[in-house]
Amino acid sequence: MPTIHLDDEDETTLDVGWLVRIIGLEKATELNGQVGSVKRFVIERQRYEVELLNTEDIKLIQARNLEQLPILEEVGIWCKLLEQSNGNASEPLVLRQLERLEEINMTVELLVQTKVGKAMNEFAKRVSNDKPTAANKARQLVAKWKVEYNRSKEDRKNQEKEAEKEAAAAEAKAKATVKVPPEERCLARDSSKGQCKNRRHQPKFLCGLHQRILDQNGQLEHGWISEKPEAKANPSGAARPSPKAAASASTAASVGAHGAHGVHGLRSDVAIRMHSNKSVTDVKPMESPEDAVKLVESMRSVPPEAISFRLGLLVALDTSPRHCMNSFVKNGGVEILSKWLRKSAEVRFACLMVLQKLPVTFADLQKADILATVQAIENQDQEEGHRTNAAALIERWKGAGFLEPPSKRRRVEPSTAPQAQQAPQAPQASQAWVTVVDEPVVAQPRTPPLETLPPARPEEIPDSLQALDPRIARVLMDRPGLHSFLQKHPDVLQNLNADSLSFLQRNLRNVQRTRQEAQETPEAAGVTVTVSGLAEKTTEQDVDQLVKDIQLEAMKVTLPRESRRKRSCGTAFVLLPSLQDAQKVVERLNGARLHQKDLTVELLEDRGTTMSTSGDPGDPGGVGRPRVKWKADSELWEVIVFSPEESVACLGQRINNRDFQPAAAVSSQPSSSQQIHHSRFQAARRAEEIMESEQVRKALAGAVEA
């Protein structure tokens, strides 16, 4: 159908089938903003006949009250119309609508955002029987769009390649014309024995040429700038270093893999970067002892595959001031280093270098169980640098007395030592010599014998300890922490013996081991946020991209699905590295829209910190509402002591009545009802044993006959 032109007063031209929006009506204001399709132009009335999309009503509208829709909005509406088309529209009108879509310049962005190709394919399948001409037209459009999409994609790739080539050429030209600053130059020597003039590739220390030489040959042709060039052959009269000086130099070179300053005389952090030969993430070193807690938490939460981040944390620890190291050791840093030594060979060199700077004690090494690990590396590791570093570390600990059992030494006064007659000598500074005699070590008990302990005064003993021996009461009074723990188990407190105490100790040890294993997992160090109200088509990648849009990185995104239909449940769990990141996610994403759905973002658990002072605690949607606080593991169980002769009914009655008298005393005077229950139980037990033995005898007899 040809284009319809209006009179000269209005130059607006609208074709049949175009989508327009009604604007500027003064009387029928309810029509303003509605979208319709142009049917025809009524010449007698000088108005367009427009069919409203929502109500399918026909309205006559002047051209000045119609505006053409933006391309993106128009294509989106066409997609919806194609999806809702049920075949009632006439084929000429459908063909005109398809021609309108063909007239629109479909860019790659339009095809991706509107997904008009998918809608067109489904439309062609639906009307292939009723309107074959329209179906063929739709297929032709889809084929045309595919060709244009692939061509645009190829053109974009070519443009990016050309831009990269131009950038590389410009960079090479800039390098050739601009002098490289000394601090950015390659650290290798060139053929003239001077420093290479090329720029090094950060964070590495070599240019591209010398890096390839190092990778292929394992060493540089002319060495590093920190190495002294090889001296020429000395003449016969030249001075030679003494054997003592040569031995000390050799010893210094063997300590710490290559001396106290690392490989080739460089600092230890530089040695770590050069040995790893990988990109190392820049991490800020500690500035105060309080920063040690954050560093330990980061080391505990980093995943095993993040080698560059682990190396960055070790370099940050290596470059931290010495007054922060003690706090790092106290917060469990040595245990993490021991774990990394065992499980990650990529960071083993860095761990051994850092351990030489830590102010550890024998108790710290025992708690981390790191001595056996370092000794195994010294004897079994395949890399020579690891073995050398481990040997140097063991020598350092051996010099501090960590590898020898402590011995009791007796001091002999100088007056008792025999003095030999000596010739008169020149006066020297007086020295007090002390003779030390080794004695065999005798194992001492952890606590003194009971008979040597002073008893507590009766008036000082509290009511909860009146039934105990005064000497035991004195020990518990001097240890309020132990007394408080035993008060949680009153039955054990009233029946103190070796078995009950060892049972408590074993349970506490298991609880501590479970807590340590839970803290070593990456999830234990993170904070989880729930994102609910998701659309059914939302995936984990969509939620992860939503977090990246606010410049944050999620450690893990989990979207549970139904086990049968694999449909999303509408709630995702996002694990973030810190509480600050979780607060930021809740603040910025709560109420956001994704796939036309309003999202609700909340913290899964409270880490002892209130999200915000605003908000009603009772409001289920409030951020500052009170959350569940779980008890400690040691408070989730209670030990009850009972006698083998005590019946189940008697034990249950004691537990209900909170009666924690000694079990023997309770069972010595049972009531008549308890005696009846106990006798019935014993009779039933004996009858069951007789029946079981009879069944076993019959089964054995049948097997023999067979």
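Sequential numbering from 1, following the chain as shown.
The backbone N, Cα and C atoms fix where each Cβ goes, and this holds for glycine too.
Predicted automatically and left uncurated, TrEMBL annotations should be read as such.
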Residues flagged as region 'Disordered' in TrEMBL, choosing from 229-261, 460-492, 526-558, 559-591: 229-261
Range annotated as region 'Disordered' - as stated in TrEMBL, picked from 264-291, 404-431: 404-431
Given ranges 151-176, 177-202, 671-696, the stretch to which TrEMBL attaches the annotation region 'Disordered': 151-176
For the domain 'TFIIS N-terminal' (73-152), mean pLDDT (0 to 100): 76
Number of helical, extended and coil residues in the domain 'RRM' (527-606), per DSSP: 20 helix, 23 strand, 37 coil
